[in-house]
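Novice: OK, TrEMBL features for this one:
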BINDING   G92, A93, F118, D203, E204, I205, Q206, T266  pyridoxal 5'-phosphate binding site
BINDING   R121, T265  N(2)-acetyl-L-ornithine binding site
MOD_RES   K237  N6-(pyridoxal phosphate)lysine
Amino acid sequence: MNTFGPPKLVLTRGEGAHVWDADGREYVDLLGGIAVNALGHAHPRLVEAVTTQLRTLGHISNFFASEPQIALAERLVGLLGTEARVFFTNSGAEANEAAFKLTRRTGRTRIVATTGSFHGRTMGALALTSKQAYREPFEPLPGDVTFVEYGDVAALEAAVDDTTAAVLIEPVQGEAGVIVPPRDYLPAAQRIAHDHGALLWLDEIQTGIGRTGAWFAHQHPDLVSAPVVPDIVTLAKGLAGGIPIGACLATHGSGKLFDPGNHGTTFGGNPVAAAAALAVLDVIGEDGFLARVTEAGERLMAVAAADRRVVETRGAGLLVGLTLAEPKSAEVVTAAQDAGFIVNGATPERVRMAPPLVLTDADIDAFGAAWPAILDNAGVQG
Ligand SMILES: *Cc1c(COP(=O)(O)O)cnc(C)c1O
């Protein structure tokens, strides 16, 4: 169906941070399947993991356990650094649906979410998403959701009370154009939620698994002023490097978790997806990988900001937002594509980049060299 409008390109092949279209033209992929292709395209370790697992055991349903699924759950809990249990899904929206249902196990129904939020397109996830244009055609939406200004501690203080089941926050807002909140925001949100017996639920679907240069954005010292221990974390996008998977991690502090019959999925966390995710975690966990993500992100921001028509750069690691002097992101996306670079127009003013985490300096410098002409061709004035 026509959900994304006419496709911009037909892509046929990829390698590293490069893709080729049906006419054989090459592009540097600075979007990475929307923050998904963490290891780039056709990474040998990912290909090997998926191939070997599919040859061994491809799918079994969740009536049974599989070794990769158990190993993945243990790895994720270890990275979170606190006791937790995991429910696997096939997507981000489904991870949020699971979490949304889980919040009802508190005996409360109210969720406090934020303006500019994006949590997915299913009815429950959409109920948590603030964008009016996405919501309106599908109202009434389920739930009991209050939206407060993102990044504003006082607004949280005012909205959260003893009827609140959970406070739901993206540590950095991705779809909104890469919005980084003040460093004290998440610690304050945790305090406010816990003062009222509410859960802190972080949607790390876009920011998790190395994207910002830390395993989780809520653990990144540049993004939080003090350690945060969320009660629920949802993951997806980069987790299996392009094989569909999502996860809802919940600590025991989140009160009642699911009991048999409360929730389920046929495909979620199947052995192939779990093996893919383990390969991604193995590569990201190698010495120096996360430091390189930070370094690459800084270089990418610097080459983009070298043109004065970029009035602001925001982000962490390889989640980068550029604010243009004029609201011409759509024109920039087209001009970039013509020049052989794939970027995303998150809002009319903001260009978003979420490239493979294996992006090389050569790719970044090629983008930097092409960038002024891209802005010229898009008609962006200083
Ligand atoms: C992409 C995204 C989702 C939705 O994930 P899907 O896999 O598209 O369902 C939810 N939350 C955030 C923060 C996202 O970036």
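Going from the start of the chain as shown, residues are counted 1 onward.
The backbone N, Cα and C atoms fix where each Cβ goes, and this holds for glycine too.
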Novice: With G92 (pyridoxal 5'-phosphate binding site) as the reference Cα, tell me which of the recorded positions R121, K237, T265 is the closest one.
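Specialist: Going through R121, K237, T265 one by one, the Cα closest to that of G92 (pyridoxal 5'-phosphate binding site) is K237.
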Novice: Is it possible to get the count of other C-beta atoms within 10 angstroms of the C-beta of Q206 (pyridoxal 5'-phosphate binding site)?
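Specialist: Its Cβ shell of radius 10 Å holds 28 other Cβ atoms.
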Novice: Fewest other Cβ atoms within 10 Å: which of the binding-site residues T265, T266 wins that one? Let me know.
Specialist: T266
Novice: Measure from the CA atom of the residue listed as 'N6-(pyridoxal phosphate)lysine' to the CA atom of Q206 (pyridoxal 5'-phosphate binding site) and give the result in Å, rounded to a whole number.
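Specialist: Answer for this pair: 6 Å between alpha carbons.
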Novice: Check the binding-site residues E204, T265, T266 for any whose Cβ is under 6 angstroms from an atom of ligand 1, and report them in sequence order.
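Specialist: Among E204, T265, T266, near ligand 1: none.
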Novice: Can you check which residue among the recorded positions R121, K237 has the largest number of Cβ atoms within 10 Å of its own?
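Specialist: Most Cβ neighbours within 10 Å: K237.
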Novice: Please identify which of A93, I205 has the densest Cβ environment, defined as other Cβ atoms within 10 Å, among these binding-site residues.
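Specialist: Counting Cβ neighbours within 10 Å, the top one is I205.
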Novice: Any idea what the Cα distance is from D203 (pyridoxal 5'-phosphate binding site) over to R121 (N(2)-acetyl-L-ornithine binding site), rounded to a whole Å?
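Specialist: That separation, Cα to Cα, works out to 14 Å.
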Novice: Roughly how many Å separate the Cα of F118 (pyridoxal 5'-phosphate binding site) from that of T265 (N(2)-acetyl-L-ornithine binding site), to the nearest whole number?
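Specialist: Between the alpha carbons of F118 (pyridoxal 5'-phosphate binding site) and T265 (N(2)-acetyl-L-ornithine binding site) there are 23 Å.
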Novice: Ten-angstrom check, please: count other Cβ atoms within 10 Å of the Cβ of E204 (pyridoxal 5'-phosphate binding site), all chains counted.
Specialist: 31
Novice: Work through the recorded positions one by one (R121, K237, T265) and name whichever has its CA nearest to the CA of I205 (pyridoxal 5'-phosphate binding site).
Specialist: K237
Novice: Within 10 Å of the Cβ of F118 (pyridoxal 5'-phosphate binding site), how many other Cβ atoms are there?
Specialist: 22
